[in-house]
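Feature annotations, reproduced from TrEMBL:
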DOMAIN    B:1-109  domain 'NADH:ubiquinone oxidoreductase chain 4 N-terminal'
DOMAIN    B:112-402  domain 'NADH:quinone oxidoreductase/Mrp antiporter transmembrane'
TRANSMEM  B:21-42  transmembrane segment
TRANSMEM  B:54-73  transmembrane segment
TRANSMEM  B:94-110  transmembrane segment
TRANSMEM  B:116-133  transmembrane segment
TRANSMEM  B:145-167  transmembrane segment
TRANSMEM  B:193-216  transmembrane segment
TRANSMEM  B:223-244  transmembrane segment
TRANSMEM  B:256-277  transmembrane segment
TRANSMEM  B:284-303  transmembrane segment
TRANSMEM  B:309-330  transmembrane segment
TRANSMEM  B:351-369  transmembrane segment
TRANSMEM  B:389-413  transmembrane segment
Amino acid sequence: MKPPILIIIMATIMTGTMIVMLSSHWLLIWIGFEMNMLAIIPILMKKYNPRAMEASTKYFLTQATASMLLMMGVTINLLYSGQWVISKISNPIASIMMTTALTMKLGLSPFHFWVPEVTQGITLMSGMILLTWQKIAPMSILYQISPSINTNLLMLMALTSVLVGGWGGLNQTQLRKIMAYSSITHMGWMAAIITYNPTMMVLNLTLYILMTLSTFMLFMLNSSTTTLSLSHMWNKFPLITSMILILMLSLGGLPPLSGFIPKWMIIQELTKNNMIIIPTLMAITALLNLYFYLRLTYSTALTMFPSTNNMKMKWQFEYTKKATLLPPLIITSTMLLPLTPMLSVLD
Amino acid sequence: MLKIIIPTIMLIPLTWMSKPNMIWINTTTYGLLISLISLFYLNQPNDNTLNPSLMFFSDSLSAPLLALTTWLLPLMLMASQHHLSKEPLTRKKLYISMLILLQLFLIMTFTASELIFFYILFEATLIPTLIIITRWGNQTERLNAGLYFLFYTLMGSLPLLVALLYIHNFMGSLNFLMIQYWIQPLPNSWSNIFLWLACMMAFMVKMPLYGLHLWLPKAHVEAPIAGSMVLAAVLLKLGGYGMMRITTLLNPLTNFMAYPFMMLSLWGMIMTSSICLRQTDLKSLIAYSSVSHMALVIVAVLIQTPWSYMGAMALMIAHGLTSSMLFCLANSNYERIHSRTMILARGLQTLLPLMAAWWLLASLTNLALPPTINLIGELFVVMSSFSWSNITIILMGINIIITALYSLYMLITTQRGKYSHHIKNIKPSFTRENALMTLHLLPLLLLSLNPKIILGPIY
């Protein structure tokens, strides 16, 4: 894509999300969502093949439907409260519609079917933007309407998302689909505590974005999209295999890595609100996630897969791929646990 | 406590920056020095704990285990030298770093004063162990072994996290020193029963309890020698230590909740001892014997009498040293014939008489010969379980007999009789191996002179 066009499109994506996060008028929020969606379609279609076109079409259809549902919820709220300000949603029907619309945008179960298919059809870079940046806008709206969300609905969606994300990822060898199911699971964890303590949702979102960015960048270094191509990495970049190992363990939520922080905090908040079975169930189902991350690390870092050459290691040229900010990203994705007392800055 | 933790952390730069021919020497020497420092903690004032900081403390329950952990690191390094000799330098350094990292987490676990801190480090010990087993094990089964190890432990410990957070909510703090004064008896209700189960299952899986022990033979057999040593000696004791800490919070439910686990342990120790009699794989035999000894510890911790706690502590330390020594002996066999089958290398007494002496002493301590601390542990546990219920003496007696049977079976198969023909040209014992066995045996024998220091908090 020509640089001027790419700059304009990226700027529109960012401006769209900014407008969503910073407005208090519902119409402007809807405008922000539409800007964001329309601008990301060319990004999804960077590689012009039928798979990418199918992915962008699916993305467009689901996001447009969700925006319309959101608008419907906004209109019902306007009808019952007479104002466009995003503070308290007075009508439960409007609240349910908005929640449904936003969870459709996020890819929570039962609206999760588009996530693996869209993520698979696009390039790694577009997938990265899709799974990280695109989650910020809906999450910020959920944060703002969190006092009025129906807890039962969202908790049910969260629980089923964690289950679906765990079980769906078990049979996958394509890395983008694995990251899609990982995204569904993490969105489930985030949705579970929005109504109880939205600050923990922000914590989880931040850490999830950091970890997903690091993972995608490591995949992009090797341009690997399947488990098989990832397993050749020990031959080319042995250091990256160790990075993938700790990053995958962090995504799975193992202490003492920073992926454990959101799980710990979320379980703490849920137990404070007298829910014991749900966090236990979520924690145990998250083990399914850990299983397929661990399987990835088995083929990448912990065994030496048969490779295509006869030498111990390939000739090592200098890295020419741009891995922006990779060291700080990896460090924050794995070593933040001792800084957990600093959570108070998120308030 | 920082005087142990910071030197252990600094062992990692020591590994990475030493000259290639000095990595083993440097790390082993400094590891031994660190273990000397930890011995100071064994001098405990009565009825009190040493509180060096807000986050760490040590009392007579954790100090012996701390000393065992720090003592074991140089021994693990000595044992690993041979099988890593052919690896590239970076991988050697990675292996040593994994061992040091595991040591660090274990030190912090045994001295943690807050239960969530303990939990995080308890889980953190899983990661280096997983990497050691899966990356440096020798057979294809190691992948499965790593999976079983990780997931069995995690399935047990995630409910523990929820239970700890729940207890934190209604007690106000989980700092172990403060909870001692705030304990109230837990009323009997269904939710408290689940709380008891959630708290204990993590440690039951770790010990392991007989029905949940499937991960142990896999993990012990597939791990390289350092992995087997640390698994058998220290990681199993994490379960025992955790159980001893958390049962203080769970009275009086333990009185009746303990019955199923007591029965599983009592029956399980006989079962696993009997399986040992039919094993062909040497490491598998030692692994099952670990399950059997740990079942005794579970029985002791669940009875909750002063003598049983003393017996549990002594048994944990004794079994740690004995089991680790047996794994080192098995490894010395493995390194020569590259097979774990017992009958392949018979009659070693003719070829390696000094090693046969170590085999004899290790087998004798394994079957709890007086006056070793193994006997003190087992005897205290047997006596306290007799006072709990008279019939258990039958089961304990049968267990002691079968333990003696398989220990002698192992000794006789590997050492006595005519040697098999193909082992005539094995290398003689290295000084390193003899030093390793001595360093295992010496604490064991010296402790029988003064077992007071390992008898735990009730003494």
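From the backbone N, Cα and C atoms, a Cβ is placed for every residue, glycine too.
Annotations in TrEMBL come from automatic prediction, not curation.
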- Query: Is it the case that the transmembrane segment (B:21-42) and the transmembrane segment (B:223-244) have 3 or more CB pairs under 8 Å, with pairs at least 6 apart in sequence?
  - Reply: no
- Under the DSSP assignment, what numbers of helix, strand and coil residues are found in the domain 'NADH:ubiquinone oxidoreductase chain 4 N-terminal' (B:1-109)? 79 helix, 3 strand, 27 coil
- Same-chain residue ranges lying at least 6 outside the transmembrane segment (B:116-133) that approach it to Cβ under 8 Å: 55, 95, 98-99, 101-102, 105-106, 108-109, 142, 145-146, 149-150, 153-154, 157, 160-161, 164-165, 168, 174, 202, 219, 222-224, 226-227, 230-231, 235, 238, 242, 245
- Averaged pLDDT score, the domain 'NADH:ubiquinone oxidoreductase chain 4 N-terminal' (B:1-109): 89
- Message: Using a Cβ cut-off under 8 Å, which residues of the same chain at least 6 positions beyond either end of the transmembrane segment (B:145-167) come close to it?
- Response: 115-116, 119, 122-123, 126, 129-130, 133-134, 137, 174, 195, 197-199, 201-206, 208, 212, 214-215, 218-219, 221-223, 249
- Query: Hey, which bits of the same chain come close to the transmembrane segment (B:223-244), Cβ under 8 Å, at least six residues off its ends?
  - Reply: 61-62, 65, 68-69, 72, 75-77, 79-80, 83, 95, 99, 102, 106, 109-110, 118, 122, 125, 129, 132-133, 136-138, 142, 145, 200, 202-208, 216, 283, 286-287, 290, 294, 297-298, 301, 309, 312, 316, 320-321, 323-324, 327-328, 331, 334
- Taking B:54-73, B:193-216, B:284-303 as candidates, which has the most Cβ pairs under 8 Å with the transmembrane segment (B:309-330)? B:284-303
- Give residue numbers and ranges for long-range contacts of the transmembrane segment (B:193-216): same chain, 6 or more residues beyond its ends, CB-CB under 8 A. 122, 145, 148-149, 152-153, 155-157, 159-160, 162-164, 166-167, 186, 235-236, 238-240, 242-243, 246-247, 249-250, 253-254, 257, 261, 264-265, 267-269, 271-272, 287, 290-291, 294-295, 297-298
